Amino acid sequence: MDILQFLIVIGVLVLLVKPLGSYVYHVYSNEPNRTDRIFGWADRIIYRVIGLKNRSGMTWKKYALSFLLTNIVLVALSYLILRLQGGLPGNPNNIGGMEQTLSFNTVISFITNTNLQHYSGETGLSYFSQMAVIMMMMFTSAATGFSVAIAFIRGLTSKGTTIGNFFEDFVKSHTRIFLPLAVLVTLVLVALNVPQTFDPNITATTLEGATQSIAIGPVASLESIKHLGTNGGGFFGVNSAHPFENPNPLTNVIEILSMWALPAALPYAYGRFAKNRKQGWVVFSAMMTLFLVFLATVYTAELNGNPALNNLGVDASQGSMEGKEVRFGIAQSALFTAVTTAATTGTVNNMHDTLTPIGGLVPLAEMMLNVVFGGKGVGLVNMLMYAILGVFIAGLMVGRTPEFLGRKIEPREMRLIAIAILAHPFIILVPTAIAFLTDLGQGAITNPGFHGISQVLYEYTSSAANNGSGFEGLADNTPFWNITTGLVMLFGRYISMIAMLAVAGSLVRKQPVPETSGTFRTDNVLFTGILVGTVLIIGALTFLPAVVLGPIAEHLTLR
Amino acid sequence: MNQSASSSASGGGSILMIAIRASIAFILLCGIIYPLVSTGLAQLLFPHQANGSLIKNAEGQIVGSSLIGQSFTDPAYFQGRVSSIDYKAEASGSNNYAPSNPDMLKRTQDSIAAWQAANPDVPISQLPIALITNSGSGLDPHITPDSAKVQIPRISKLTGLPADTLEQLVHKHTEGRDLGVFGEPRVNVLELNIELSQLRK
């Protein structure tokens, strides 16, 4: 039955890839299309409201400047709201202003699509902040990521000097993708019991006569965009493990598909842009291959359970249930864990800190690789970065100038790609080492032994990959953690985005090289293998030592 | 439009202006209008679900939510899972114990000892692991069907209700997998205990 659940969900995903990928292509290809009739008016109103008169293409520098400025303004306004929320309306539970380093961490966390949460939603945010900051940034950060990914694809697949207009892409991402889907998913979730109200907390008199105060709020509207935008920040502290955020297995499946479908459809959209759909399927297959290995690993590890508990003589046949919910069991928990770190959403329906060591290694490894589907847009961009690296390595082996989609890959592009690829491990491993060297860092560790290493490593990996899940035992709401993870999230998001836009800006100007029989093909099974191999070799070379010290050492000592 | 106007529209200053106006527009659209419209539609179409699936007693008092677990201290009730926050639903969470954490091992051993004291008739080899592990949310409203069945001998002894009646009660409150495939079969502890309390009267 467990395997059948996996197969159905993956099957539905694969069926969604083509229609959704085509739709995404139509939205951003800027060719007249029947969807214009439905959404064109909304776009035009917003263009007028924001004063966007000139929608001509931008060079990569102007595109980068536009998205950076927009993000900076959003950060500034959101920071003010969080600091002042105590005095603003929409605060029925009387929550005070947020502390400054925590506010810094929170706005960075949401604008970078990370959604690492060092606060607990039910006690740290007013309803107004949940809406105007958290929900709003869930849309805008996803739209930013999607727009940049599309601009990068344009750079790879078109000719000229420009890669699209950021503001046009940004507006269309909202009006044609995220807002309509979010309203739809919200209503489906409410129908399936997720609350959506502005009433303050409920007070109940329990069956035994005690008083139970139940936190509630506009949960469903956050839940839908949280997954659609691969954001992952929960309304409540425990995220999608909370019965109000995720009340039954059906909502679990809907949340999984919501976060997975768009990242999975993006490779197909890329194939459409490249006028070669096989290119898209090659990337998709590489992602799916890696995903299936990770899913099988976490599922088996959790099903086998924790040896320390299995030896106590109780009926442990169900598997490791610590930190999991009965309605999800092992299968739906394992699937959710594998998808949330693949799509770098960071929402959790079970506590990752309590996973068995090998089970916990899976989310960690997926975030370290950061290419298995990946978050809104950036996953595809990262995968294409590895594709170019793969072409480069293969080209070196046979002594040819490497080409990708008919463009010569030259030192300038390779330098930028090297920066982007090396930045990721650098901003994970260096802060992890710093945290271990200081009392400020070490003081936060709550689980003894090797697992403590995993906790710290996970926190920075999650920040760098803009995932946002955590080994949540870590006592991370301190200035040290707020500031260091804040910086890691910033670098993790913007270094690779800017580097990739620069690559796009450079490739778009190149004269296409005609395809010959000697051209190295990037649209066949062989290249899927090279892509997977490149990702695994780079990942293993970089992260194996750290992983051995954490989860693998814990696994070997657990009995 | 003349040349100079169009070139100034593409300059850095005007990008900043558009960025500011776009930011304000999307704070209003995504942060205010979207949740308000969603709430309006939700309250109109699905009021029971939108307000937390509350359970009320005959006097109209709120007893709880069918989605949120409750703490049961009376051993004559079915017990839910371990909750480090004692089902205090103004917050949520667990201890986040790692599998190698000695505190978790100790907590589990204590739970087993407490189980043996309260349920001398049921060997611990039948005690399901889900019942002595902390749920992720600390608010898990469910237990597995087996976790309910192993409590029947104790509850039967304490309440005087025949085991058959309790078996039927558990069976009645066992939900299957969603659409026959997704998730796990489960028993809602609060709903089960509400009916149990009516039988006890």
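Cβ coordinates are placed from backbone N, Cα and C, and glycine is handled just like the others.
According to TrEMBL:
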TRANSMEM  A:6-28  transmembrane segment
TRANSMEM  A:63-82  transmembrane segment
TRANSMEM  A:132-156  transmembrane segment
TRANSMEM  A:177-194  transmembrane segment
TRANSMEM  A:250-269  transmembrane segment
TRANSMEM  A:281-301  transmembrane segment
TRANSMEM  A:377-396  transmembrane segment
TRANSMEM  A:416-437  transmembrane segment
TRANSMEM  A:480-504  transmembrane segment
TRANSMEM  A:525-553  transmembrane segment
Contact check, the transmembrane segment (A:525-553) vs the transmembrane segment (A:63-82), 3+ Cβ pairs under 8 Å, seq sep 6+: no
Cβ contacts under 8 Å made by the transmembrane segment (A:377-396) with residues that lie 6+ beyond its boundaries: 113, 145-150, 152-153, 156, 263, 266-267, 270, 283, 286-287, 343-344, 370-371, 402-404, 409, 413-414, 417, 420-421, 466, 493, 496-497, 500, 503, 520, 522, 527, 530-531, 533-535, 538
Criterion met for the transmembrane segment (A:132-156) and the transmembrane segment (A:480-504) (at least three Cβ pairs under 8 Å): yes
Sequence-remote partners of the transmembrane segment (A:416-437) [C-beta within less than 8 Å, at least six residues beyond its ends]: 368, 370, 385-386, 388-389, 444, 453, 456-457, 460-461, 463-465, 480, 484-485, 488, 491-492, 495-496, 499-500, 502-503, 506, 538, 542-543, 546
Positions whose Cβ lies under 8 angstroms from the transmembrane segment (A:250-269), at least six residues beyond its ends: 9, 12-13, 16-18, 20-25, 28, 146, 149, 153, 177, 181, 185, 188-189, 192-194, 223-224, 227-228, 230, 232, 240, 277, 280-281, 283-284, 287, 327-328, 332, 335-336, 339-340, 342-343, 345, 347, 349, 373-377, 379-380, 383
Beyond the flanks of the transmembrane segment (A:480-504) by 6 or more, those residues with Cβ under 8 Å of it: 60, 63-64, 67-68, 101-102, 104-105, 108-109, 112-114, 116, 118, 145, 148, 151-152, 154-156, 163, 378, 381-382, 385, 388, 413, 416-417, 419-420, 423-424, 427-428, 431, 434-435, 438, 440-441, 444, 459-460, 463-466, 474
For the transmembrane segment (A:281-301), sequence-distant contacts whose Cβ falls under 8 Å of one of its Cβ atoms, 6 or more beyond its ends: 2, 6, 17, 264, 267-268, 270-271, 320, 330-331, 334-335, 337-338, 342, 355-359, 361-363, 365-366, 369, 371-374, 379-380, 383-384, 387, 522-525, 527-528, 531-532, 535-536
